[in-house]
Amino acid sequence: MRWEPLLLIALTACLSGLLIIMTGKKLHWFALVILGYFTGLATILFTPISVYGTALYVMPLGTGHINLTQLDVFNLGFLENIILTVPIGLLLKWFWSKLSLLTVGGLGLPVGSSIETFQYVLSQHWLINRSSDINDVLANAAGIMIGGLIVALYYRLSTSRRSRARVVA
C-alpha cells in the first residue's frame, strides 16, 4: 500500500514519455530530460525512498512529523533541498522570461508549501513517513530563487555580449 505513490509516478512518467516520443517534436529530448527530472523529484519527495548525502534508504512505516518552529538552515538537508529545486527556478524563468526575480521567488513559497503539504497528506494516508518541515519550505523557495537568478544572469550576460558585438561591428 505504501508503494502506490511510486507506482502512480512510474505509470505517469511512462505514459508521458511515450506521448513525448510519439508526438515527434523537434526538442523531444529536452522534454524527456524535464520529465526525468520531475520523475526523480517526485520519487524522492513522495515515496518512502529517502536520500541523505550519498546514502539511499527506505523509510520505515510511519506518519512522519511536522516542524513549524525550529529553523535549522545550516545542515546538509537544507543544501540538498536548495539543489533539488534549482531546476524549477531555471524552468520558470526560462519559459516565462518576463517574470521578475521577485515573482519567481514569490512562487517558491507556494511551491515549497505545496510539496510539504502533499508529503504530509501522503504520510497520513500511505504511511510513507515523510516529515513536513518549515526549513524545507524555505530551502525550496531559495532554490527556486537561485534558479531564476541563474537564468536572469545568463540573459543579462548574453544581451550585453550581443550589444558589444554590434558596437564593434
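From the backbone N, Cα and C atoms, a Cβ is placed for every residue, glycine too.
Keep in mind that TrEMBL annotations are predicted by a computer and have not been checked by a curator.
Since this is a predicted model, take the numbers as computed values, not measurements.
Per DSSP, the domain 'VanZ-like' (67-153) is made up of 66 helix, 4 strand, 17 coil. Annotation comment: TrEMBL describes 67-153 as domain 'VanZ-like'.
Within its own chain, the transmembrane segment (6-22) is flanked in space by residues 28, 31-32, 35, 39, 42-43, 46-47, 49, which lie at least six positions past its ends and keep a Cβ under 8 Å from the stretch. According to TrEMBL, the feature transmembrane segment maps to 6-22 (among others).
The transmembrane segment annotation in TrEMBL covers 29-53 (among others). For the transmembrane segment (29-53), the list of distant contacts is 2-3, 5-6, 9-10, 13, 16-17, 20-21, 59, 76-77, 80, 84, 87, 91, 115, 118-119, 122, 128-130: same-chain residues at least six beyond its ends, Cβ to Cβ under 8 Å.
Sequence annotations record features per position, and here TrEMBL assigns transmembrane segment to 73-92 (among others).
Residues of the same chain lying 6 or more positions beyond the ends of the transmembrane segment (99-122) and with a Cβ under 8 Å from any Cβ of it are 5, 45-46, 64, 66, 85, 88-89, 92-93, 128, 130-133, 136-145, 147-149, 152. Here TrEMBL flags 99-122 (among others) as transmembrane segment.
Sequence annotations record features per position, and here TrEMBL assigns transmembrane segment to 137-157 (among others).
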